[in-house]
């Protein structure tokens with residue numbers, strides 16, 4: 001079987017460079033395209049050199065339609081506007097679209113859902129094995145404990161992160177809500193400030209911290225009468241997300257059209 005040909009979207013960014021490095025380390029995949037935003041000063045530069053590798057001859061381009069003509073998939077950790085633009089082209093080309101972009105709105109998610117009748121999409125707020133195991137455990141614990149245990153999710157990221165709560169925190173919140181059998185949107189408490197009143201029973205709280213160079217720390221706290229359960233994950237290098245994205249792309253290659261998650265990729269969907 002020939003290598004899976006992949007495009008890295010946002011190839012000039014931190015995650016894009018990590019993806020380029022991960023591809024160079026992984027058997028069965030090859031970098032065939034590097035996408036960057038129109039007008040970027042990085043256009044035309046070599047993706048390998050930008051990632052701290054020897055030159056690989058793949059220059060950054062803003063033309064996804066041309067890049068995708070000879071590709072099998074795209075790895076997309078960009079921003080919502082770029083991801084939604086990429087969704088349409090990936091669907092037209094019939095290539096695998098792995099989406100790790102965070103900060104997507106409900107309307108963005110509706111657009112992604114609409115293309116999955118003919119497109120293969122793997123979407124997750126976090127691509128690492130550890131976080132998805134944490135989500136599975138969160139769901140199980142939430143199922144087992146009653147409303148007398150309050151659920152709080154605390155996350156910390158580097159000072160440059162532009163969205164909050166993080167996609168991973170929301171992933172964990174969805175897992176907790178699923179375990180409780182409730183809708184997260186109607187049970188979510190975010191950004192408490194001032195005279196907020198007592199905590200509502202059944203709420204799932206979020207706290208977001210920003211500072212330094214933290215790759216990503218997440219804790220799920222179940223606070224009950226006179227005892228607490230804490231589940232936590234600390235990411236030490238964004239390469240864990242890059243290798244997870246590659247695992248997702250290879251898993252999805254040849255699958256039927258649909259919207260999949262890392263839980264599907266890792267066999268945790270029924271956990």
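Note: Cβ is positioned from N, Cα and C throughout, glycine not excepted.
According to Swiss-Prot:
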type: BINDING; residues: 10, 11, 12, 13, 14, 15, 36, 100, 101, 102, 124, 125, 126, 127; note: NAD(+) binding site
type: ACT_SITE; residues: 157; note: active site, proton donor/acceptor
type: BINDING; residues: 158, 167, 168; note: (S)-2,3,4,5-tetrahydrodipicolinate binding site
type: ACT_SITE; residues: 161; note: active site, proton donor
Next item on the list: Around the recorded (S)-2,3,4,5-tetrahydrodipicolinate site, report the further residues of that chain (criterion: Cβ within 8 Å of the mean position of the Cβ atoms of 158, 167, 168; site residues excluded), sequence-ordered.
Entry: 102, 125, 126, 155, 157, 161, 166, 169, 216
Next item on the list: Based on Cβ atoms within 10 Å, give me the single least packed residue among the active-site residues 157, 161.
Entry: 161
Next item on the list: Across all the protein chains here, work out how many other Cβ atoms are within 10 Å of the Cβ of residue 12 (NAD(+) binding site).
Entry: 21
Note to self: Need the DSSP three-state call for residue 157 (active site, proton donor/acceptor) to compare against my parser.
What the structure shows: strand
Next item on the list: Within 10 Å of residue 126 (NAD(+) binding site) by C-alpha distance: pick out those among the recorded positions 158, 161, 167, 168, and say none if nothing qualifies.
Entry: 167, 168
Checklist line | Long-range Cβ environment of residue 158 ((S)-2,3,4,5-tetrahydrodipicolinate binding site), under 8 Å and at least 6 residues apart | finding: 210, 211, 212, 213, 214, 215
Item checked: Proximal but sequence-remote residues of the same chain as residue 101 (NAD(+) binding site) (Cβ under 8 Å, at least 6 apart) -> 76, 77, 78, 79, 80, 82, 83, 167
